[in-house]
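Here the structure is laid out as structure tokens; the discussion comes afterwards.
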Amino acid sequence: MLELLNISPITASLLVVLLPFVAFLIQAAFGRRSISGNIGLIAIILSTILSAICVFFVVWNGENATQRITWFTIGTKSFSVGILLNKLTVSMQLLVCIIALPVHFYSRAYMKGDDGLHRYWMYLSLFCFAMLGLTVSINLLQLYIFWELVGFASYLLIGFWFTRDAAVQANKKAFLINRIGDLGFLIGIALVYAQVGTLDLVELFGKSGWFLNDTTANITLQEINKDSAWLTFAGLAFFLGAMAKSAQFPLHVWLPDAMEGPTSVSSLIHAATMVAAGVFLLCTVFPLFNETVLLVIAIVGTITAFSAAIFALGQYDIKKILAFSTISQLGFMMVGVGIGAWDTAMLHLATHAFFKCLLFLCAGAVIHEMSHFKTHARLDFDPQDLRNMGGLRHYMPKTFVCMVIGALALSGFPLTSGYLSKDSIVVSAFEWASLHGNFYLAIPVTLIVVSLMTAFYIGRLIFKTFFGSFSFKQHTSTAHSLHEAPGMMIWPMLFLAACSLFPIFGLQPLTYQQTWLIQGFQVVLSYPVIHTAHLFIPVGLTIGAILAWVLGWQWYVKQKYPLHANNRWVRFSNRQGYLNEVNDVLFVKGTQRLSAALYAFDRYVVDGATKLVTWTMQQVAVVAYWFDKNIVDGIVNFSANTTYYIGHLARHVQNGQLQGYLGFALTVVILGILYLIIK
Amino acid sequence: MTIDLLLFYAFAAMAIGSALLLVNIRNTARALFLLFIVLFAMAGLYLFALADFIAITQILVYVGGVLILLIFAFMLSNKELLHDLQSVSHRFITIPRWQALIISGAFLSVMLYSVISWSQTMPEWIESAQMAGTVISPSDNNIQALGFRFMTQYVLPFEIISIFLMMALIGAAHLSRKEQHT
Amino acid sequence: MITITHFLVVSAVIFCIGLYAVLAKRNAIMILVGIELMINASILNFVAFSRYDKVNYGGQVFALFAIVLAAAAVAVGLAIILNVYKYYKTINPANINELKD
């Protein structure tokens, strides 16, 4: 153990990144023989231990570390790849490891018996490699490469059950929308490179890689006018990249569909880690953003949080609710970045990763048992539909407890981690808005409303799933009854449930400033602290959340549901605000119409033009033939004849006649004399 | 315009005019007789350069020797001589060949350009000779002076040129003799 | 006063006429005549410059040498011409295009 501790953080971090990759290669080589997933599991366990002991604790308490090697050189510019270890990157890396570890354990039970299990482990290792590499990249280009790898692994995992049409459609959709974001990211990289001349994070942002107020920051970046147009464009481009990856409002449509993948994948990739990569990117390049970009980020984040919360209200699919709640919480993080308090965004990212992963795993356990029950009882229903559940707390008490803890954390009840992080964002947003005044206040107000809605819809999910009476109670028997999930699934859930409580993040259960994550980042805020806000907003939010749960209890458990199931608003929410339909009409149908119009255009205008051009070309060809025959050939023949004639003349020089030679010699003499005279 | 300059122009005009006619006339025999006039005129020009002995030698050697030789050679070689002499009325003057004309014209213009552009300044040795007064005057006895120079200063070139002349004459005689084994 | 330029101009003209004869004539004898004209032109130059060389008389001495050389050249040249005529029955150098016997 002592020798292990002596490994430098850089080497350890490299091992953390490379171990899953080695696992991926081995599993790819073994093919079907590696269905147990032991290789990937061992790799991620080692990665987690290394990341925690040799990287995180060393770097968090000590100095930052960087290591880079030159990758290639173009002209005088050389690109380097390397590892950047600072508090942000090591905490992100550790977070990814810690989330990935229980998911790996969980997957062993959850994915048991699947046909393509070897592919599953391979992809999962690939994803871990890419995600861990993304966190510690020193270079924006390197970051982009891992970013793409992450997207690719996500694509593979969403379409894991590729025989299902919906899965194929979903991964195609995710891939296409992420492409929009990647384009933005690439444009951002190009802009930064063109203007600053480097993509190295340390060269860009100073020694620690993310502090703008660091005096060692790059001179060029300090001299840049923060309001210059290119900076705004670059910031918006980076944000576009983050928008696609982190599923922000117009580009969020891929995430609900991505739930077609295995639930364990959803919990790891589409709830905890990959979608947080966008937030992580924004935190990394935070010094690049100026006021305009930050405002755009805040507004988009608010819209996302609000719209996704509304959509979550009307869903019946248990995973879709969680997906929308993920989008909503990512919106919160974006607001955190947008108001400049990116430390709160990172805090929320970390807490959210735990409780959302927990929620997904619990949902996975429920779905798992529901589908088992479905197979055994020979029934035909959707195992993910809330309306088919109810009263499950009698059958799955441990899952119930875990999920309630996750739900409470999501709602922001005190003593949970969610309380700390969510309140930190809302309070910061309020302080920020009160500094700017007027319309800015709409953002914290919206966030409060969204918080209450969050509490309501997650309460709805809990009540609908675990309370009331089971829809298929008459089918349960001793032979095929619902029962608790296997231990391999329960233990990761319990671990995550423990992590969703406040002690993991800070010993003070009620004030977020005391969490070690916030204290570690030491962000200098641009707005004054309002102490009353720190008191009233958390209290108000807690009371509001309790009220929302009570309302949910009244509606769903006491069966006092006031609205009709086919209410317009419910339908609007259920159909995700018809956004997919709008997209369908706007982009798909539009594209089809455009294609039809283009076809017609092609058929008549282009073809007509082509025919006209053809006819013209024929006429031109005739003229050209004449021209060729008479002028071009004429020129050629003329030059040939001229050459021949000159040769004919020159032939006379070599005529064997003394007088000719003499004349020739004299000509040269005259030319020489003339040269001397003129010179 | 002094009389000697007038005479110089007259001789020069005679020499140039005869030479031009010489090269353009068709009849070789007439051309050779025109050469007489040219050589005489040249001898006259030598006199104006105060080289009386050279002029005499010119007349003796050229007119008395070379020209007679040329006429003999012409008469021996040209069997169309009579035909040529009779066809005088046909074309008196040959059409100049333009290539040769261009070359010689170019040569002339180059030389005239050089002469005129350099005539402003005399060579240094001429100027120093004029300063020192060591210039041949019409009253000098050139023949005596030449004789002295040949026998003293230029005795070696004189002997070499004598041997050379003998070799040339022997060679010419050898070339001209009849082939014995043909 | 007859300056040296007068002599040089006349000499240049005569020389070029001789040159023309050498280049243009289709008769070996006339070519020889052209050579004689050129030699005469150079002799004129010799004697013209010789006026200013009373000490050495170089110009006149070499003018005499030139005359002797020209005479010798003519003698040898005419001998060759006669031999050529005997063989080819022509003295046009354009028609003399064989080196073999």
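Note: Cβ is positioned from N, Cα and C throughout, glycine not excepted.
These features come from TrEMBL:
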- A:71-120: domain 'NADH-Ubiquinone oxidoreductase (complex I) chain 5 N-terminal' (DOMAIN)
- A:138-435: domain 'NADH:quinone oxidoreductase/Mrp antiporter transmembrane' (DOMAIN)
- A:6-26: transmembrane segment (TRANSMEM)
- A:79-101: transmembrane segment (TRANSMEM)
- A:121-138: transmembrane segment (TRANSMEM)
- A:175-196: transmembrane segment (TRANSMEM)
- A:268-289: transmembrane segment (TRANSMEM)
- A:295-314: transmembrane segment (TRANSMEM)
- A:321-342: transmembrane segment (TRANSMEM)
- A:348-368: transmembrane segment (TRANSMEM)
- A:399-419: transmembrane segment (TRANSMEM)
- A:439-463: transmembrane segment (TRANSMEM)
- A:490-510: transmembrane segment (TRANSMEM)
- A:530-551: transmembrane segment (TRANSMEM)
- Among A:175-196, A:439-463, A:530-551, the stretch with the most Cβ pairs under 8 Å to the transmembrane segment (A:321-342) is A:439-463
- Item | Tertiary contacts of the transmembrane segment (A:268-289), as residues 6+ beyond its ends and Cβ separation under 8 Å | 88, 92, 95-96, 99-100, 103, 124, 127, 131, 134-135, 140, 143, 147, 150, 153-154, 157, 181, 185, 188, 192, 201, 204-205, 209-212, 217, 221, 231, 234-235, 238-239, 241-248, 255, 258-259, 261, 297, 322-323, 326, 330, 333-334, 337, 342, 345-346, 349, 352-354, 356-357, 359-360
- Which bits of the chain, at least 6 residues beyond where the transmembrane segment (A:295-314) starts or stops, bring a Cβ under 8 A of a Cβ in it? 236, 239, 243, 247-249, 252, 282, 289, 320-321, 324-325, 327-339, 429, 442-443, 446-447, 449-450, 453-454, 456-457, 460, 569-577
- Per the Cβ filter (under 8 Å) with a sequence gap of at least 6 from its ends, the transmembrane segment (A:6-26) is approached by 34, 39-40, 42-44, 46-47, 50-51, 54-55, 58-59, 65-67, 83, 85, 90, 93, 97, 121-122, 125-126, 128-129, 132-133, 136
- For the transmembrane segment (A:490-510), the distant same-chain contacts (Cβ-Cβ under 8 Å, at least six residues beyond its ends) come to 98, 101-103, 105-106, 347, 350-351, 354-355, 357-358, 361-362, 365, 398-399, 401-402, 405-406, 409, 414-421, 484, 516-517, 538
- Sequence-remote partners of the transmembrane segment (A:530-551) [C-beta within less than 8 Å, at least six residues beyond its ends]: 411-414, 419, 422-423, 426-427, 430-431, 434, 448, 451-453, 455-456, 459, 510-511
- Looking only at residues six or more beyond either end of the transmembrane segment (A:348-368), which have a C-beta under 8 A from one in the stretch? 91, 95, 99, 102-103, 106, 110, 262-264, 266-268, 271-273, 276, 279-280, 318-319, 322, 325-326, 329, 332-333, 336, 383-384, 389, 392, 396, 399, 402-403, 405-407, 409-410, 416-418, 420-422, 424-425, 458, 465, 485, 489-490, 492-493, 496-497, 499-500, 504-505, 517
